[in-house]
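Q: Take this structure first; my questions come after.
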Amino acid sequence: MKASLAFCVVLLVFGSVSEAKFDDFEDEEDIVEYDDNDFAEFEDVTEDSVTESPQRVITTEDDEDETTVELEGQDENQEGDFEDADTQEGDTESEPYDDEEFEGYEDKPDTSSSKNKDPITIVDVPAHLQNSWESYYLEILMVTGLLAYIMNYIIGKNKNSRLAQAWFNTHRELLESNFTLVGDDGTNKEATSTGKLNQENEHIYNLWCSGRVCCEGMLIQLRFLKRQDLLNVLARMMRPVSDQVQIKVTMNDEDMDTYVFAVGTRKALVRLQKEMQDLSEFCSDKPKSGAKYGLPDSLAILSEMGEVTEGMMDTKMVHFLTHYADKIESVHFSDQFSGPKIMQEEGQPLKLPDTKRTLLFTFNVPGSGNTYPKDMEALLPLMNMVIYSIDKAKKFRLNREGKQKADKNRARVEENFLKLTHVQRQEAAQSRREEKKRAEKERIMNEEDPEKQRRLEEAALRREQKKLEKKQMKMKQIKVKAM
């Protein structure tokens, strides 16, 4: 039934194609010519179907009123396909189905698709590798902190510079009227007055003055807060501190008597007594109140002897200390000033440190850290106090009893020092003797002449015997004295 239906379809298609062919001819000669080469044309079409593109033919039918577009080359292919399909269907219908032929076919996996196509893998990109602002929050914080540090450095450095210049402009006239040289930087062999501050770093400025009677010179050090350091600025928010002005006057030896004296806040004096060599040795008592002399409760006194306190606390000095107590940290006069205590890992030093007759002043700048250039004018009276103290130290002299007491105190300190360092000095002397013996023995061993070497050994032996005899004689004398 299927075969007959397919055959009818083929006949209908073939008839429509042949009818369209005859419609294309205009005269009978063309029809005759077409009849002669009818099958030849189909042969040419089958041979050229691979290389030539097919032509489209439009046919119209009156009964169905439909327009169809057919390819000439496809007609034969469709006909052949129908015939092949008929024959294949006939073969499949005639042949029986063999179950054993497809045994195990469903069990084999289809590997052709996996061989031809690579497997698709989806990679999860970490969050920190994605291009978003959230991935750079650490870098943003670092850059922000760096910019804040740089801005604070510039602002803090400029503010310290303005404060230093404001202080110098305020005190310049007073300094130039009392000192011949103001502002020597020490770069030239000859002392020259530069008339400006010497910047040590971003928060410390120095000024050297000299050329005045009774003193070798005066070093002024402006110690400002580390405003250029952001961490220091944050720390000061928790614990406010003040800028300071430290003045060190080195007196001539003949223009200052022998005494140690200090006045200042109780907290500052306790700290200085622990740190400074002279205050710890000559002022061993606790700081005493200055209410007896009319000083405020915030100030205390350390003195080697009462005579020094009576002589230094005159009316003008008390006036300075009373009216500017909030700006005074400490005032320290000493003929035995050697700086802070020397701390050595191997013990006490073998000799007393060098001392200088010195006046030390430490003043607090108003503002408790929030200082402005106009606040520097409030420190000008304190510089007048320094000038007055220089003249006062030159005029003040101890009486005979005070002088003897001061000398005893210095002898006592020296004796205590020698006792503390006696063992160390003995060890140092023993090491020097051993080093000398070692050098002598090496000199004898390096001698090439045997006779000369023998004489050197005999001389060394005689020296040792003489030293031993002297030591025995001293021991006998000590025993005789003891009897």
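Yeah, the Cβs are placed from backbone N, Cα and C, and that goes for glycine too.
Note that the structure is predicted; figures quoted are calculated from it, not measured.
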Q: Pick from 314-341, 342-369, 454-481: which range does Swiss-Prot record as coiled coil?
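A: From Swiss-Prot, the annotated coiled coil range turns out to be 454-481.
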Q: Same-chain Cβ contacts of the transmembrane segment (136-156) under 8 Å, 6 or more residues past its ends?
A: 202, 226-230, 233
Q: Same chain only, please: residues at least 6 beyond the ends of the coiled coil (454-481) with a C-beta under 8 Å from a C-beta of the stretch. Say none if there are none.
A: 440, 443-444, 447
Q: Looking at Cβ-Cβ distances, which residues of the chain lie under 8 angstroms from N178 (N-linked glycosylation site) while being 6 or more apart from it?
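A: Set apart from N178 (N-linked glycosylation site) by at least 6 residues yet with Cβ under 8 Å, we have C209, R212, I387.
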Q: Averaging the per-residue pLDDT over the topological domain 'Cytoplasmic' (21-135), what integer do you get?
A: 50
Q: Where DSSP helix means H, G or I and strand means E or B, what are the helix, strand and coil counts for the region 'Disordered' (423-483)?
A: 56 helix, 0 strand, 5 coil
